[in-house]
Amino acid sequence: MRIDAISIGKNVPQDVNVIIEVPVGGEPIKYEMDKEAGTLVVDRFLYTPMRYPGNYGFIPHTLSDDGDPCDVLIINTRAIIPGAVMSVRPVGVLFMEDEAGGDEKILAVPSSKLTQRYDKVKSYSDLPDITLQQIQHFFEHYKDLEKGKWVKILRWGGPEDAHKLILEGIEREKKKKG
């Protein structure tokens, strides 16, 4: 896969592309895209027997404070194969920190051209409380059994926070490339 050939999206930051790394409900394995090689690699096996509560991936051509592309959790129930590119609409952010520093997770829903199921979801707060609780529980505990690793949930943010993180991530990536 040539990640450099994949666009950020058609209407950034309201509609962005995400490269899927981990499918919803998949085995407790953390995959990451090797950005230089353009191939999916096994990052680690999760020590906790937990499954991702949404399809998980990243926005190409972005760079977060942690040195990786912006992370995205897509709220939907259909497993998307790792390596697929999906158009999404950001609706919020879960602000967290871990042993390495800040680690935000952008929440998104599939774009309307893929499904109209989420058209009324404009913000993370439009999602069912149980969905938000499951997402928070997953990220609070998915590293629990890994020595020296931890996660602290800071707060939820709305779509404007997600848009800001995406735009900052694009600028950070541009500066890195020079």
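Positions of Cβ are set from backbone N, Cα and C atoms, glycine also.
Note that the structure is predicted; figures quoted are calculated from it, not measured.
As recorded in Swiss-Prot:
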BINDING   LYS30, ARG44, TYR56, TYR142  substrate binding site
BINDING   ASP66, ASP71, ASP103  Mg(2+) 1 binding site
BINDING   ASP71  Mg(2+) 2 binding site
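Structure coloured by features recorded in Swiss-Prot.
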residue : record                 : contacts (Cβ under 8 Å, 6+ apart)
LYS30   : substrate binding site : GLU21, VAL22, VAL42, ASP43, ARG44, PHE45, LEU46
TYR56   : substrate binding site : ILE20, GLU21, VAL22, VAL24, ASP71, VAL72, LEU73, ILE74
ASP66   : Mg(2+) 1 binding site  : ALA100, GLY101, GLY102, ASP103
TYR142  : substrate binding site : LEU46, THR48, MET50, VAL151
(message) I want to verify one value. Collapsing DSSP to three states, which class is ARG44 (substrate binding site)?
(response) strand
(request) Could you say which of the binding-site residues ASP71, ASP103 has its Cβ with the most other Cβ atoms inside 10 Å? (result) ASP71
(request) State the count of C-beta atoms found within 10 angstroms of the C-beta of ARG44 (substrate binding site), not counting that atom itself. (result) 13
(request) Please find which two of LYS30, ARG44, TYR56, TYR142 have the most distant C-alpha atoms, given that the record lists them as binding substrate, and give only that distance in angstrom, rounded to a whole number. (result) 15
(request) May I have the list of same-chain residues other than LYS30, ARG44, TYR56, TYR142 whose Cβ is within 8 Å of the Cβ centroid of the recorded substrate site, in sequence order? (result) VAL22, PRO28, ILE29, TYR31, ASP43, LEU46, TYR52
(message) Other residues near the Mg(2+) 1 site, CB within 8 A of the CB centroid of ASP66, ASP71, ASP103?
(response) SER64, ASP65, ASP68, MET96, ASP98, GLY102, GLU104, LYS105
